[in-house]
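Presented below is the structure to which this report refers.
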Amino acid sequence: MGILSITDQPPLVQAIFNRDVEEVRSLLNQKENINVLDQERRTPLHTAAYIGDVAILELLILSGANVNAKDTVWLTPLHRAAASRNEKALHLLLKHSADVNARDKYWQTPLHVAAANRATKCVEAIIPLLSTVNVADRTGRTALHHAVHSGHLEMVNLLLNKGASLSTCDKKDRQPIHWAAFLGHLEVLKLLVARGADVMCKDKKGYTLLHTAAASGQIEVVRHLLRLGVEIDEPNSFGNTALHIACYMGQDAVANELVNYGANVNQPNEKGFTPLHFAAVSTNGALCLELLVNNGADVNFQSKEGKSPLHMAAIHGRFTRSQILIQNGSEIDCADKYGNTPLHVAARYGHELLISTLMTNGADTARRGIHDMFPLHLAVLFGFSDCCRKLLSSGQLYSIVSSLSNEHVLSAGFDINTPDNLGRTCLHAAASGGNVECLNLLLSSGADLRRRDKFGRTPLHYAAANGSYQCTVTLVTAGASINEADCKGCTPLHYAAASDTYRRAETHSGNSHDTDEEPLKESRMKEAFFCLEFLLDNGADPSLRDKQGYTAVHYAAAYGNRQNLELLLEMSFNCLEDVESTIPVSPLHLAAYNGHCEALKTLAETLVNLDVRDHKGRTALYLATERGSTECVEVLTSHGASALVKERKRKWTPLHAAAANGNTDSLHLLIDSGERADITDVMDIHGQTPLMLAIMNGHVDCVHLLLEKGSTADAADKRGRTALHRGAVTGCEDCLAALLDHDAFVLCRDFKGRTPIHFASACGHLEILRTLLQAALSTDPLDSVVDYSGYSPMHWASYSGHEDCLELLLEHNPFAYLEGNPFTPLHCAVINNQDSTAEMLVEALGAKIVNSRDAKGRTPLHAAAFADNIHGLQLLLRHQAEVDTTDKLGRTPLMMASENGHTAAVEFLLYQAKANITVLDVNKNTALHLACSKGHEKCALLILGETQDLGLINASNSALQMPLHIAARNGLATVVQALLSRGATVLAVDEEGHTPALACAPNKDVADCLALILSTMKPFPPKDAISSFSFNLLKNCGIAAKTAACGALPNGSTCPYSKDRHNAIGLDGCYSE
């Protein structure tokens, strides 16, 4: 917002500024626009309110000026009058219904503005019209916050007298008194304290009044707070005390006051830093540091990372402060948790003068730091040649010759070729840093240029990787091996080919601009190119492969260095072979995968065949499409790459990949390549077209594009499912609408006869279902829409529990309930525990449906019992479901629950529904027989708990087996005990002549043997029983009739001791539906 010239304003505004009432009246009589707006949407009334001329203001209002007009920042004339302290103008505006609660863009009301601008009279006029004086602006500040911020004692007093809250916090939890302390408004602070303000209040980050006063150097406020007895060492959320803050901000007077009042000079914060650490690092902390040292601060106190105050001074090269610390006993070679001493830190940040001071005071230049590096490693790594020279001391080596060795030893006391823990010497670091002056200093000091690190890399590898031309030339000239491979088989040429990627990130000053980056980047690329060119000119072999089979051409392609790639292709004798080779991956694939369109263009212009495939059958075009690189797709298609080549696993083409990933632009390019008329309908291994994949992944733009380009909307995959089926599953309304707009057939069926309406119902997509039903009416209103198993959409909605879809289907065609499979929607709902849809069906269609039967004669109550659905059972019985109804096998819901071991359902049917436990099925099994046959002990005990009837306990089925036989055979000890205690007979024999005791035998032969043994034991059973028992035994005994086959049971099964013994009681397995 600039300053506007008065001469550029409308005549009415000029007259107002000139306070010329008659001119204003004259202009208004001439029909001058009274609500004319300037560039910031301010009206003449804003101007009059700002000037405060009541006569003009009233004239404008009476002439129809909008009293609540807002400018671009939503300020009204009332805001303007309050800001200018024009109380008469404000009174007049209020008299003419100006909105006293109007807010500007910062949510500030006229009260906020008046309080901030010391307009006491205006505030007195506004307050009676407000419900509260504690209304907050967007930052959470009240009028009292603004008044305190302005330091106006009279305004503060007025607001307090009118009920302003002392403890109201803004959005950073700062109270008005925080601002008084921070801005040094001592009298205001005293008033607030006298009115009861909390002098120990904290904001959201834990800052107290003492912290804020210390930060801004408000010495008088600090003294007053200390006199009030505030806690001097109270930490904020970061553990910093007021002394920490004062030292960090360089407020030496405040720091002095705090120290004199007894502040702890050695109190650490959350990271272990003391005030001395802060004083050592801050811009203006020199006097604070001296004060702390003179008052007993521990100069060797280490933070949680092991940094001493001397480390902190070394970061920013605080020379004078480092001298003070050293003179006061700071440990020169104190190491942090990484092993770095202050000398390492000074070398890392290039502070030569500080290095001199540290070395003069005995700092160990051979001390190992991070990764076992010397300070010299760090100095040369970051390219500080002056520091390098200083650390090399005299810069000259002398030889110590003995009978055992002939080593170069530095005068500083360490071997210059000593490696770090990764095997890298100082020369490696210098080569990586790229400062040729450092490199020359080390070489002249005897550094070994052939030394390899743990990765097998020489300094030349590092120089090449960083694209450092001068360092590369220096090392090669000095005799470095140009084709030496590292542990991965990479030569310096491999790294040079990808040098722009491997280049170490350099530090820039904080005020660097983006405009400086482009020339710098261009300069680096040129240097990297010259480096590569130099290596090639000096014998580097471009045909050498690393251990994975990649040449320098592969590296250049993978990292997108077009100039490097062109140079390598030009210099390589077998370049075409390298480019076309797909072992392990071709350069074309690498460039496409990484989205390097310039490199890709170079390769495309070199190659004849762009459709070479990798081991998975993917072409470069497929990879570019899959990765969403439209530029690469454009390059490849313009050079003739095919969009129809399929990869091996799913048989996807680039079109499939583009559609599945939603890469619309790439898809457009592929279609426009015009390889085939039906290119959009190409199918994968499952028969899916790109349209189907686009819809499955909800890519609407791709769907529209494919349909516009001729993709067949009704194309079906190998399971007969179309794009419309997929749209119904995903629920994408836009995709579905696009398909219907292109005449997709709504009632198309898959291999199971299911339509998209079935899928929408099953997935619960209400709006999709509504759209499909409407479309189906116009297609074939008589189609019953049942699948090949007879299930309708209503079956699926009920089974899946989608109430809204079921409601729509019932509204659409309530008679659909009776169509299709007799296993009704109600059966489906209760068997899947969908009580809400079950209740909806009963309420909509009446109680008559609760006793409907499926093909096996089973009612919904059978289904609920099978699923152990108690709520379903309750619902059905509430609507007169028949509790003892039987299916075609003669089984009741209780029998169904017993057979499947559903204890809760059995308990409910027995105790609540009073189900009949004596009902027999077609094989004369009771519920007790069925529970025992499947080993459901709890169910059997529940049934036994309801009866003492010997007729039921000793009831035999068509195989003459009692519950005791079956319980014994299945090892149900507690059930056997319960049966025996209720009088179950132990001598009854089944069809095979076996008693319950013999039923415990693992197989028939064992049972027969056990029977023979028992027959010879005393006491004997009654004579009749013996003869009957012996007859049956001999008839079936394996000894007496080895070749006799076991007779069939009444239900057609074989011997009850066969592998599937449960068939002896005529069960038909689990509930098949």
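First residue shown is number 1, and so on along the chain.
Even glycines carry a Cβ here, placed using N, Cα and C.
Feature annotations, reproduced from Swiss-Prot:
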REPEAT    7-36  repeat 'ANK 1'
REPEAT    172-201  repeat 'ANK 6'
REPEAT    205-234  repeat 'ANK 7'
REPEAT    305-334  repeat 'ANK 10'
REPEAT    455-484  repeat 'ANK 14'
REPEAT    488-544  repeat 'ANK 15'
REPEAT    548-578  repeat 'ANK 16'
REPEAT    583-612  repeat 'ANK 17'
REPEAT    616-645  repeat 'ANK 18'
REPEAT    650-679  repeat 'ANK 19'
REPEAT    856-885  repeat 'ANK 25'
REPEAT    923-952  repeat 'ANK 27'
With DSSP as the reference, give the number of residues of the repeat 'ANK 19' (650-679) in helix, strand and coil.
-> 18 helix, 0 strand, 12 coil
Sort the residues of the repeat 'ANK 25' (856-885) into helix, strand and coil with DSSP and give the three counts.
-> 16 helix, 0 strand, 14 coil
On the DSSP side of things, how many residues of the repeat 'ANK 10' (305-334) fall into helix, strand and coil, could you say?
-> 16 helix, 0 strand, 14 coil
Averaged across the repeat 'ANK 14' (455-484), what pLDDT does the model get? Just tell me the whole number, please.
-> 95
